[in-house]
Amino acid sequence: MFVKSLVFLTIAVAYASADCLHCICMRESGCKPIGCNMDVGSLSCGYYQIKLPYYEDCGQPTKKSGETTEAAWKRCANDLSCATTCVENYYNRYKSQCAGTGQGACEVMARNHNGGPQGCKHSGTLGYWNGIKSCCGCS
C-alpha cells in the first residue's frame, strides 16, 4: 500500500509541476517561441522570457562546446524542452531559500521565476503568483 501511495504522490506532483510550468509559459509568452524582448532594462528571451543571468544560474543546459553563453541562452530559451529544463533547474537550485515559508512548490517556482532566487519572499511577486494560481489551481 505504501508503494502505491508513493507512486500516486509522485505522479500527482509531476502533473502539478507540468500544470505550473505550462501556466508560467502561457503567462510569459502564450507558450510560443517569441524571441527576445527588452524587459526591465535587459533582454528576456523565449517561451519563459529567460534572462541571461537566469540561464547561467540554471546550469546552461544544452550549451555546446565552443558556443558563446549568449548564443546558447537564446537558442535554449526558444526551445521548449531546453527552456523548461532551465526553469526546473532554477527552481531546484533555489527552492531551499523558500523553506519555512509555507508555500507550495508551484508558488515557489512561479515567484522565484518572476523575482529571482528569493522571489518567494518579495511581495512584488504576489501578483504574478496570483495569475499563475488562477491558471492552474496550483499551490
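Cβ atoms are placed via backbone N, Cα and C, with glycine included.
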Of the cysteines CYS23, CYS25, which is paired with CYS31 in the disulfide recorded by Swiss-Prot? CYS25
The residue that Swiss-Prot pairs with CYS20 in a disulfide, chosen from CYS86, CYS98, CYS106, is CYS106
Choosing among CYS23, CYS45, which residue does Swiss-Prot name as bonded to CYS36 by a disulfide? CYS45
Distance from CYS45 (disulfide bond) back to CYS138 (disulfide bond), taken between C-alpha atoms, in Å: 25
Do any of CYS36, ASP39, CYS45 (recorded positions) have a CA within 10 A of HIS113 (substrate binding site), and if so which? none
Select the most exposed residue of CYS20, CYS31, CYS45, CYS98, where exposure means the fewest other Cβ atoms within 10 Å, treating these as the disulfide-bonded residues. CYS31
